[in-house]
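All remarks here apply to the structure that follows.
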Amino acid sequence: MHQEHISAEKLLMLEGRKNTKFEKLHAISGPRGSKDSRVPVFVMLPLDTVTIAGNLNKPRAMNASLMALKSAGVEGVMVDAWWGLVEKDGPLKYNWEGYAELVKMVQKHGLKLQVVMSFHQCGGNVGDSCSIPLPPWVLEEMSKNPDLVYTDRSGRRNPEYISLGCDSLPLLRGRTPIQVYTDYMRSFRNRFRDYLGEVIVEIQVGMGPCGELRYPAYPESNGTWRFPGIGEFQCYDKYMRASLQASAEAVGKKDWGQGGPHDSGQYNQYPEDTGFFRRDGTWNTEYGRFFLEWYSGKLLEHGDNILAAAAGVFQGTGAKLSGKVAGIHWHYRTRSHAPELTAGYYNTRHRDGYLPIARMFSKHGVIFNFTCMEMRDREQPDNANCSPEGLVQQVKMATATARIELAGENALERYDAGGYAQVLATSRAESGNGLTAFTYLRMNKKLFDGENWRQLVEFVRSMSEGGRNRRLSELDSSGTNLYVGFIKDKSASKPKEAVAA
């Protein structure tokens, strides 16, 4: 493979697309049929793309990286707009400057941008390489009122995301969490109005930990949970408990409102270790069904409220909305699907938990973004009863039934042909929904290494050709075999890598 050390300035000249006209991303209504072949590929930017101080991190490296991605045929990039950075100086005080710099840079390279409204903390989950807590003024309210956050049966509090139990209560300096999220999205819309629909083509609305619509049932921080544990229900803050109590009284079963199931085990147990999740466990009794309907129903209501607000804010801007659902594939082969249940997805052998979510998304015209697209059943450990392929297939069918778009991501860092081949296979629409877009996790130094870069370029080509897995020519002269080496930063004495770390 041809390799060349090249300056950022020369890259800009080679790229030569500074003044190209930017076309709008084609809007697709409903699920993708088998005739639609092209699947645009986006690449997630580093979690610390914008610094704690609110500036664009390593702008020269970012510039060269974006140029390389453009040369590979990538459609665009995705970035987290962290609540903990943007509104950190106080309620309604927003700083979008670092993001504004990024938007202009993305536009200059003729790329598109997906922006995540990240209302969760960064740190403590798979792949979290930096720490960005919630805004300091929010943490101050949490210290005064610990019930603002999700709580498990042992009383462990989780500061990753505000409990949905207080969505409609004015506990954040006189505003409800939903109002705070809405004001944040409105501020973003007003600041980037001129770019929405043209450069910023998608807004992914964060609805929980990791930006996913779920409860933090499997927190990795402090070693609380490890794969493939079943996780724990997160319904023990006083607001969730009050809701459960009211629901139990409404069905004339006051005793059912005392708390979550007493026999649901602990984070790292297996379904068969518990009375609730085992094969013929309490999950499949009248009480179990009542509790799971309440627990999953609260999550659906939470998503519905946030997406209704987002749809109101971004209506008419030309930007699409998406929401992310977690790919909880372990113990999928069991009857109870315990880890999905603790996360809030009421999906069992007898009940489809993804169709209600897909229908709720459909109501607001929201793309269903799903992960673990690269995983194969045979790569998973036998003891975990995994079936990522079965899970993805179920989601493809649910989104097709609800007539909404399905977009995908990989769950873990992968650079190999096998992972890419699985995404290619999954992206097709022969059975259920095909993908309308794919976002690759994640841009880092490793991605630009020779063989990894070749694999990415080939994958992007294959996705743009509808999954025909064509080998790249060794003598490719279109600039895609670009080797991103080092550029000299004038303000520093040592060379800096031309790739955002």
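The chain as shown is numbered from 1 upward.
A Cβ is built for glycine as well, from the same backbone N, Cα and C atoms used for every other residue.
Keep in mind that TrEMBL annotations are predicted by a computer and have not been checked by a curator.
A simple way to gauge crowding: the CB of ARG442 (substrate binding site) has 18 other CB atoms within 10 angstroms, across all the protein chains here. Under the heading substrate binding site, TrEMBL lists ASP80, HIS120, ASP128, LYS324, HIS329, THR371, ASN410, ALA411, ARG442.
For GLU212, the entry in TrEMBL reads active site, proton donor. When Cβ atoms from all protein chains are considered, those within 10 Å of GLU212 (active site, proton donor) total 24, not counting its own.
For GLU409 (active site, proton acceptor), the count of additional Cβ atoms within 10 Å of its Cβ stands at 22 [all protein chains shown]. Sequence annotations record features per position, and here TrEMBL assigns active site, proton acceptor to GLU409.
Spacing of ARG442 (substrate binding site) relative to GLU409 (active site, proton acceptor) is 10 Å (Cα to Cα, whole number). The subset of recorded positions (ASP80, HIS329, GLU409, ASN410) lying with their Cα within 10 Å of the Cα of GLU212 (active site, proton donor) is empty, i.e. none. On the backbone, the CA of HIS329 (substrate binding site) and the CA of GLU409 (active site, proton acceptor) stand 14 Å apart. For the pair GLU409 (active site, proton acceptor) and ASP80 (substrate binding site), the C-alpha distance works out to 15 angstrom.
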